[in-house]
Amino acid sequence: MAELLLGVNIDHIATLRNARGTDYPDPVQAAFIAEQAGADGITVHLREDRRHITDRDVRILRQTLHTRMNLEMAVTEEMLAIAVETRPHFCCLVPEKRQEVTTEGGLDVAGQRDKMRDACARLAAAGIQVSLFIDADEAQINAAAEVGAPFIEIHTGCYANAETDAEQAKELARIASAATLAARLGLKVNAGHGLTYHNVKAIAALPEMHELNIGHAIIGRAVMTGLKEAVAEMKRLMLEARG
């Protein structure tokens with residue numbers, strides 16, 4: 001079973017900063033602490049409306065991170081240009097709606113193959129590894145393989161939001177099947193969205209999982225216990241699940 005990595009999403013450090021229009025807390029400082037605590041990478045979502053992470057954050061993080069930078073972004077000309085200029089280690093392409101609180105679902109790769117193929121090729125030419133944020137759906141996984149993305153990130157929101165044990169078990173089975181299919185097609189498999197200290201282990205135990213990207217739960221815990229301890233505890237739970 002391959003090593004399981006933790007990508008810590010620090011968007012909500014920026015949310016807190018921007019709530020008062022100050023220059024603190026600084027996501028760059030948070031990234032440094034997360035790395036010290038065991039994060040294998042730092043994830044940020046540069047949204048079109050810049051509601052949390054800013055261009056300045058992206059630029060400085062790329063220059064200062066000791067691990068890997070994963071830039072989440074919409075598939076737009078503006079964002080592709082920023083990515084090509086900044087050259088993060090990874091880009092995760094996500095759907096984006098201005099009115100949403102957080103990303104609500106996966107990309108429709110199957111319905112826009114040409115657009116996704118072009119984006120993947122453009123980013124790959126800049127030396128960036130591409131991940132597509134998709135639902136645990138066979139058609140989307142097949143399409144992801146066809147357009148040339150080396151990674152997918154499975155949307156775990158339905159699993160995380162399940163209201164009953166039976167519903168959660170059903171969603172977990174869907175994710176497990178999706179991960180198996182993706183691996184068979186030669187894709188590396190990440191996962192994220194809604195994962196918490198209470199539900200992460202079942203996802204972490206799936207042998208195909210390469211990396212979990214987790215943000216809100218860690219930042220929420222950090223308010224109570226400190227960021228370093230919050231990151232370390234999440235990493236411990238993930239590794240426990242791998243035995």
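Cβ coordinates come from backbone N, Cα and C, glycine included.
The number of other Cβ atoms within 10 Å of the Cβ belonging to G215 (3-amino-2-oxopropyl phosphate binding site), over all protein chains shown, comes to 22. Annotation source Swiss-Prot lists 3-amino-2-oxopropyl phosphate binding site at N9, R20, G194, G215, H216.
Taken from Swiss-Prot, the feature 1-deoxy-D-xylulose 5-phosphate binding site covers D11, H12, R47, H52, T102. Over all protein chains present, the Cβ of D11 (1-deoxy-D-xylulose 5-phosphate binding site) has 21 other Cβ atoms lying within 10 Å.
The active site, proton acceptor annotation in Swiss-Prot covers H45 (among others), and the record cites sequence analysis as its basis. In the three-state DSSP scheme, H45 (active site, proton acceptor) falls into the strand class. When Cβ atoms from all protein chains are considered, those within 10 Å of H45 (active site, proton acceptor) total 23, not counting its own.
Residues or ranges marked as active site, proton acceptor by Swiss-Prot on the basis of sequence analysis: E72 (among others). Under the DSSP three-state reduction, E72 (active site, proton acceptor) is assigned to strand. Cβ neighbour count for E72 (active site, proton acceptor): 27 (other Cβ atoms within 10 Å of its Cβ, all protein chains included).
Sequence annotations record features per position, and here Swiss-Prot assigns site 'Transition state stabilizer' to E153 based on sequence analysis. E153 (site 'Transition state stabilizer') falls within a strand segment according to DSSP. Residues within less than 8 Å, Cβ to Cβ, of E153 (site 'Transition state stabilizer') and separated from it by at least 6 positions along the same chain comprise C92, S131, L132, F133, I134, V189, N190, A191, G192, N213.
Annotated active site, proton donor per Swiss-Prot: H193, in sequence order. Under the three-state DSSP scheme, H193 (active site, proton donor) falls in the coil class.
Listed in sequence order, the recorded positions from R20, H193, G194, H216 having a Cα within 10 Å of the Cα of D11 (1-deoxy-D-xylulose 5-phosphate binding site) are H216. Closest to R20 (3-amino-2-oxopropyl phosphate binding site) in space, going by CA atoms and restricting to the recorded positions H12, R47, H193, is H12. Within 10 Å of the Cβ of G194 (3-amino-2-oxopropyl phosphate binding site) there are 17 other Cβ atoms, across all protein chains. According to DSSP, N9 (3-amino-2-oxopropyl phosphate binding site) sits within a strand segment.
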